[in-house]
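According to TrEMBL:
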DOMAIN    7-147  domain 'Lactate/malate dehydrogenase N-terminal'
BINDING   Gly12, Ser13, Gly14, Phe15, Thr16, Gly17, Asp36, Asn100, Leu123, Ser124, Asn125  NAD(+) binding site
BINDING   Arg87, Arg93, Asn125, Arg156  substrate binding site
MOD_RES   Ser149  phosphoserine
DOMAIN    152-309  domain 'Lactate/malate dehydrogenase C-terminal'
ACT_SITE  His180  active site, proton acceptor
Amino acid sequence: MGIKRRKISVIGSGFTGATTALMVAQKELGDVVLVDIPNMEKPTKGKALDMLEASPVQGFDANIIGTSNYEDIKDSDLVIVTAGIARRPGMSRDDLVNTNAGIMKSVAQEILKHAPDTFILVLSNPVDAMTYTIFKETGFPKERVIGQSGVLDTARFRTFVAQELNLSVKDITGFVLGGHGDDMVPLIRYSYAGGIPLETLISKERLDAIVERTRKGGGEIVELLGNGSAYYAPAAALTEMAEAILKDQRRVLPAIACLEGEYGYSNLYLGVPVVLGGKGIEQIIELELTEDEKTALNKSVESVKSVMEVLS
Ligand SMILES: NC(=O)C1=CN([C@@H]2O[C@H](COP(=O)(O)OP(=O)(O)OC[C@H]3O[C@@H](n4cnc5c(N)ncnc54)[C@H](O)[C@@H]3O)[C@@H](O)[C@H]2O)C=CC1
Ligand SMILES: O=C([O-])CC(=O)C(=O)O
């Protein structure tokens, strides 16, 4: 008996998985199990040990292990899924769908077998469709299967706005709705600098340019890196969501949630504002949308659905 530390399993020890493992450990959200395929077992163990050896210097208490044995995820409080292939220059996220759907199915079976009571955060792309796949394959309640896109997309938007206004990123808030693709819908009307509407601070032309850069933000990093996609900001986004769940913070964050009538859509996982806490997705917040915003959201939904059709 006694009080036990939380356990967080990160599936995939590549760029995003390893970075996420380090960030959640640095925040002392719990002990970390980093999982990859048998071929990758040695480097996965090596990364975990290397991170653990950073802990005395940085002063965090968290055990970190690397493994290719899914039994090690037993009793996880949270499983973060980053397994799969990432895109390279010239590719869209949707090009990853067939390979990653196969990987999601096998990962879902392992989670179901070894950690049936856990929460799941999905990162693998195309993430709206992959979150839906994990939901279907595990049969978990919808509030326990959550995808990450909006925290990252909003973080990019906030970064660009802070640069434009030469203000602290801390004072910039925003909301990005819809699928995690180039049709995502940054909601300017709900975006502020220190409580002041952005529309009163930045010209329409400059705001349009920021929205466009946000939509293509993932691709911008892919072009710069040349051999993969973003991982620092995605890992930071996953860590914020993990903290909201594990500390029952009831944060208001954008997340990929299962819609059953909300915003007029059903049987679909899509990025929307939610309350994220100890029960997972505790509420989906429905914002009033203008006709233009509804049209933009609909376009984004059509993109997500066309990817999901490939899977059915
Ligand atoms: N939703 C989002 O905002 C973002 C999504 N992503 C997506 O996250 C995914 C991972 O990206 P990276 O970490 O950069 O890729 P990566 O290639 O560096 O790492 C992926 C890892 O998954 C492992 N893997 C494959 N099958 C597995 C299985 N069955 N079990 C355990 N591990 C398995 C691979 O061996 C590899 O080590 C990609 O699909 C990428 O597109 C990346 C950034 C942001
Ligand atoms: O762009 C990619 O392929 C990875 C991703 O989802 C992002 O960085 O937003």
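In case you wondered, yes, glycine gets a Cβ from its N, Cα and C as well.
On a predicted model such as this, the values are computed, not experimentally measured, just so you know.
Here the features listed in TrEMBL are placed on the structure.
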{"residue": "Gly12", "record": "NAD(+) binding site", "CB count, 10 Å": "26"}
{"residue": "Gly14", "record": "NAD(+) binding site", "CB count, 10 Å": "19"}
{"residue": "Thr16", "record": "NAD(+) binding site", "CB count, 10 Å": "28"}
{"residue": "Arg87", "record": "substrate binding site", "CB count, 10 Å": "18"}
{"residue": "Arg93", "record": "substrate binding site", "CB count, 10 Å": "25"}
{"residue": "Leu123", "record": "NAD(+) binding site", "CB count, 10 Å": "29"}
{"residue": "Asn125", "record": "NAD(+) binding site", "CB count, 10 Å": "26"}
{"residue": "Ser149", "record": "phosphoserine", "CB count, 10 Å": "28"}
{"residue": "Arg156", "record": "substrate binding site", "CB count, 10 Å": "24"}
{"residue": "His180", "record": "active site, proton acceptor", "CB count, 10 Å": "29"}
Taking the Cα of His180 (active site, proton acceptor) as the centre, which of the recorded positions listed as Asp36, Arg87, Arg93, Ser149 lie within 10 Å of it?
Arg93, Ser149
Tell me the residue counts in helix, strand and coil for the domain 'Lactate/malate dehydrogenase N-terminal' (7-147), as DSSP assigns them.
72 helix, 25 strand, 44 coil
Restricting to the same chain and to sequence separations of six or more, state which residues have a Cβ under 8 Å from that of Asp36 (NAD(+) binding site).
Ile11, Gly12, Ser13, Gly14, Gly17, Pro43, Thr44, Gly66, Ser68, Ala83
Which one is closest to Arg93 (substrate binding site) in space, judged by CA to CA distance, out of the recorded positions Thr16, Leu123, Asn125, Ser149?
Asn125
So if I take the binding-site residues (Gly14, Thr16, Leu123, Arg156) and measure from each Cβ to the nearest atom of ligand 1, which come out below 6 Å?
Gly14, Thr16, Leu123
Round to a whole number and give the Cα-to-Cα distance in Å for the pair Leu123 (NAD(+) binding site) and Arg156 (substrate binding site).
16
Cβ under 6 Å from ligand 2: which of the recorded positions Gly12, Arg87, Arg93, Ser149 qualify?
Arg87, Arg93
Among Gly12, Ser13, Gly14, Phe15, Thr16, Gly17, Asp36, Asn100, Leu123, Ser124, Asn125, which the record lists as binding NAD(+), how far apart in Å are the two most distant Cα atoms?
17
